[in-house]
Amino acid sequence: MIEKGAQSARDKPTTRGKVRLREHVMGWFFVGPFGIVFLALLIAPLAYALYLSLFQKKLIGGTSFVFLDNYVKAFTDPSFLSGSWFVIRFSLVSIPLQIIIALAMALILDAVTSLFARFSRLMIFLPYAIPTVIGAVMWGFLYSRSFGPLSDLFSLFGATPPDFLGSSLIFYGLVNIVTWQWAGYYMIILYAALQGIDPALYEAARMDGAGKWQIALRIKIPLIAPALLLILVFSLIGTLQFFNEPQILRSLAAGTIGPDFTPNMYAYQQAFALANFNYGSAISFALGGIVFVGVYAFLFFTRKRRSFL
Amino acid sequence: MTSARSRAGVRRRPQRHLPLQVLLGFLVVYFLVPFWWVIVNSSKDAPGLFGGGNTLWFADRIDYLGNLQQLFTYDNGIYGRWILNSTLYAFAGGIGATILSVMAGYGFAKYRFAARRFSFALVLGALMVPATALVIPTFVMFSEFGLTNTIWAVILPSLLNPFGVYLMHVYARDAVPDEILDAARADGAGEIRTFLQVAFPLMRPAVVTVLLLSAVASWNNYFLPLAMLSDNRLFPVTVGLGLWQGIASANNAGSTSLWSLIILGALVSVVPLVIAFFSLQRHWRGGLSVGGLR
């Protein structure tokens, strides 16, 4: 960050001390209210989660300090491990898919300028305006065998409809929902970045003999790398804390989605169904820690590119 | 954005690649199918819904009004209450988070105060903390203060928006020149007046974006109110519809009418958001690019 404007009219030696004091006071005046909320609703809960996670409620003898036992338990708990494994596999499939689709759509919408393209842009974005819960409810209807369209469509060809709520296809059922929900939002961010590129660059490239594909691959995509990084980070943080969609589909896909389907659902079950807040906090804290370290490491290694931070 | 104008100058004729437009057409159909299904099926009564007719087309009887009346009278009109709750949470959370973000972003961008770098690094770190990791400890904390199962349990946590602070910081740094602030100070304006009358108008596009994003985040919130609230009269519409859906799937045969309420309820609940996004799109699209470009 470049510190500019520190000098200019206001650093005459005589008033300098006063100016500096004013900078401190006013700076904290503006940042302070957020700072209080930040301390009360982010730092305090995190510290509290850490504290809670170090204790265990026993049937006899009440709550006792167990240090890292909850974490040892979590990382040997098949429920937590299978949930984490699901979320990792899910990220590996759904994040690249969402980003590729969003990038392709943004490039198309950047290249095509027509009334229909403008209409499409809004329609593709529309699912983002829908709460994830409502999106999951909607797709739950479409997947449903009793009133969804899939059975109609497939019976036209005499085939049995795929059951996206069954255990073999639920993975793809969820990939589809998440892609539908978020690809449009990522598309808008990439599209805005593409619109910010100076068109003179395309002219210059065209004069050097570059075709449309070369312009897209060698100019457009590298120039929107910071925006790509931004959506990658967003999708990583979002996917690793997967909760809403599987939680909503649970009632429709009974037996397929268990209470330990994702780590977040497992933490929720431990805390609110079993009143085991200590273990629930340990899972939350472990999950939060993994996401934080993962994203931080990722940003650190991509720092050479002008990152968004 | 200014570049849009210069761009139009370079590209004189509109580009309409036909194959790409056809591809776009397919994509639009995919993104609209769930909406279409909901619009069509919220016009049906229970027999129409389960009678095995075409699920992607209207039944013989189109009864939006009857269904709407049912939706808003079922269980003493609880659905209307959920919509009002969501509205309250979205406005209170959205406006509160925006005020805090704008002030903090401006403070970080325009003043060099003690522990500024350290504090800003904390805010950047907070961007990476998953919000759901905070739900359980916040619940336990709030229950000790007797705040759970009150509206504050939903509103207070929505005030925290580190991304809003980051966005406002970037925007204030670039869109509010120090020279203008210095000029205002030289004219005798105090710091607060300089902020309100000089800086704030310049930051307006980003303010609208942060307001919209935080209000939508509060409206869409599910995990937090699900954990915090036990009285269904305090539920936002997301948790309410989730509750109905659980009940309807649990006794599939007995609650056919509840399914039609859920379908129409989902449709009604997205109308305010769609209106908000479409009417404000000029503002938020410019603001969104800020985070991705610098």
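A Cβ is built for glycine as well, from the same backbone N, Cα and C atoms used for every other residue.
Curation plays no part in TrEMBL annotations; they are all automatic predictions.
Feature annotation from TrEMBL assigns transmembrane segment to A:25-51 (among others).
Residues or ranges marked as domain 'ABC transmembrane type-1' in TrEMBL: A:84-300.
Residues or ranges marked as transmembrane segment in TrEMBL: A:86-112 (among others).
Per TrEMBL, the feature transmembrane segment maps to A:124-144 (among others). Counting residues 6+ beyond its ends, the transmembrane segment (A:124-144) has Cβ neighbours under 8 Å at 105, 150, 163-165, 173, 176-177, 180-185, 187-188, 244-245, 248-249, 252 in the same chain.
Summarising the annotation, TrEMBL assigns transmembrane segment to A:164-194 (among others).
Annotation comment: TrEMBL describes A:215-237 (among others) as transmembrane segment.
Packing against the transmembrane segment (A:282-301) from elsewhere in the chain are residues 46, 49-50, 52-53, 70-71, 73-75, 80, 84, 229, 232-233, 236-237, 240-241, 263-264, 266-267, 270, 307, 309: each is 6 or more residues past its ends and has a CB under 8 Å from a CB in it. The transmembrane segment annotation in TrEMBL covers A:282-301 (among others).
Residues 281, 284-285, 288 of the same chain, all 6+ positions outside the transmembrane segment (A:25-51), place their C-beta atoms under 8 angstroms from a C-beta of that stretch.
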